[in-house]
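Remarks on the structure that follows.
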Amino acid sequence: MSTTSHAPNACTPTRVAIIGSGNVGSTLAQRIAERNLANVVLLDIVDGRPQGVALDLLEARGIEGHDRQIVGTTDYAMTAGSDVVVITAGLPRRPGMSRDDLLKTNAAIVMEAAQKAIAHSPNAIFIVVTNPLDVMTYLAWKATGLPPERVMGMAGILDSARFQTFIALELGVSTADVSAMVMGSHGDLMVPLPRYSTVNGIPITELLDADTIARLVHRTRNGGAEIVELMQTGGAYYAPASSTCVMVETILLNKSRLLPIASYLRGEYRLSDIFIGVPTRLGCGGAESVLELQLSDSELKELHSSAAVVRQGIDRAMALL
Ligand code: A3D
C-alpha cells in the first residue's frame, strides 16, 4: 500500500516538557502518555537517562494502546514549543548536607531550568515540583519573568490526596466519596482543613471525633516523611506524579477545576508576593483565580505560620544565590 499526501501537516500536537527524568519525572511521563494527554519530552542533566526512559516508555505504546511520542534529551532545544513545562529537577538531601546547601543547590538548578525552558517555550505554563516547593515555585517565576498566573507549584493536590486516603481508610468508605482540602506550604506546617473535608458533602467533623481527626492530620503532615522512612533510599513518586498529571490534564483540557495548588497571592488571605497552597481555579490560562475561603482565626494563623516559613526560605534562597 502506498499513501501520498501533499497537504501540509496542520496538526500541532500538545507537548509537555519534563525537566528532570528521575523518579517523579519518568513516572509523570508514563502517566501523561498512557492517558493520551500529550507528547512528552524528558530532559535530564545525566546523558542517557532520559533517552533510556523515553525509549522504554515508547516500547510500551502498543501494549498500552496510545501513539504518543516520548523523547529523551539533554538539549533544551528539543523542548521547544512546549505547552506545559514541569520542573522536577533537583537533588534530594544527602548525608552531611544542610538545608541551606540543599536550598542553594536546588535553587540554582530550578532557576537554570526555568530560564532555559522559557527561552524555547515562551507560551508555556510552568509547574514546579522540586522541593522546597513553595520557594522553588517563587524562584521559577522570577527566572521566567512570566505573569504569575502561568507559574505554579504542585503540592496541595498530593497533600489533599493523602488526607483523602487516610479519611477513607479510617471510615471504611470509598475514596471516591471523600473530598479533602489541604492548604499552606508543602511541609510540616501545611494546613489540612477538616471543616472543608467531606464525605459526600458531610464534613468529617460530623463523622470523626477530634482525636481521630488530629491523628489523620498528623499523618497527612508527615506523609512524605513516612514514605522516606520506609523506602530509605528516596521519596514518594507515584502519588506525586499522579497529582502533577492532574494539573497537566486540567490545563491542557481547560477543565477549570478548583484545586489546591501553590499560587501567587496578591493580598488574598492577607498574604502578598508569595506562592503558597490555596484553592485555585486552574485552566488553559493557568492559575486563573484564587478562591478566598472564610478561614477561622486559628486556621488563618496556621496559614500565616506556614507562609512565614516560605518567606524565610525565599529570603535565604535569594541571599544564597
Ligand atoms: P530524583 O529521582 O533524584 O530525580 C531528580 C532528577 O533531576 C535526576 O534524574 C537528576 O539527574 C535530575 N537533575 C539534577 N540536576 C539537574 C539539572 N540541572 N537539569 C536537569 N536535570 C537535573 O528525584 P525525584 O524525581 O524523586 O524528585 C524530584 C524533586 O521533586 C525533588 O526535589 C523532590 O524533593 C521533589 N518532590 C516534590 C514533591 C512535592 O509534593 C512537592 C513530591 C515528590 C518529590
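Even glycines carry a Cβ here, placed using N, Cα and C.
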Do you know which of Asn36, Asn106, Asn123 TrEMBL groups with Gly20, Ser21, Gly22, Asn23, Val24, Gly25, Asp44, Val129, Thr130, Asn131 in the NAD(+) site?
Asn106
If H, G and I count as helix, E and B as strand, and all else as coil, what does DSSP give for Val129 (NAD(+) binding site)?
coil
Could you say whether, by DSSP, Asp44 (NAD(+) binding site) belongs to a helix, a strand or a coil region?
coil
In Å, rounded, how far does the Cα of Arg162 (substrate binding site) sit from the Cα of Gly22 (NAD(+) binding site)?
22
Got a sec? Which of Gly20, Val24, Val129, Arg162, His186, the recorded positions, have CB under 6 Å of any ligand 1 atom?
Gly20, Val24, Val129, His186
How many whole Å apart are the CA atoms of Val24 (NAD(+) binding site) and His186 (active site, proton acceptor)?
16
Helix, strand or coil for Gly22 (NAD(+) binding site)? Use DSSP.
coil
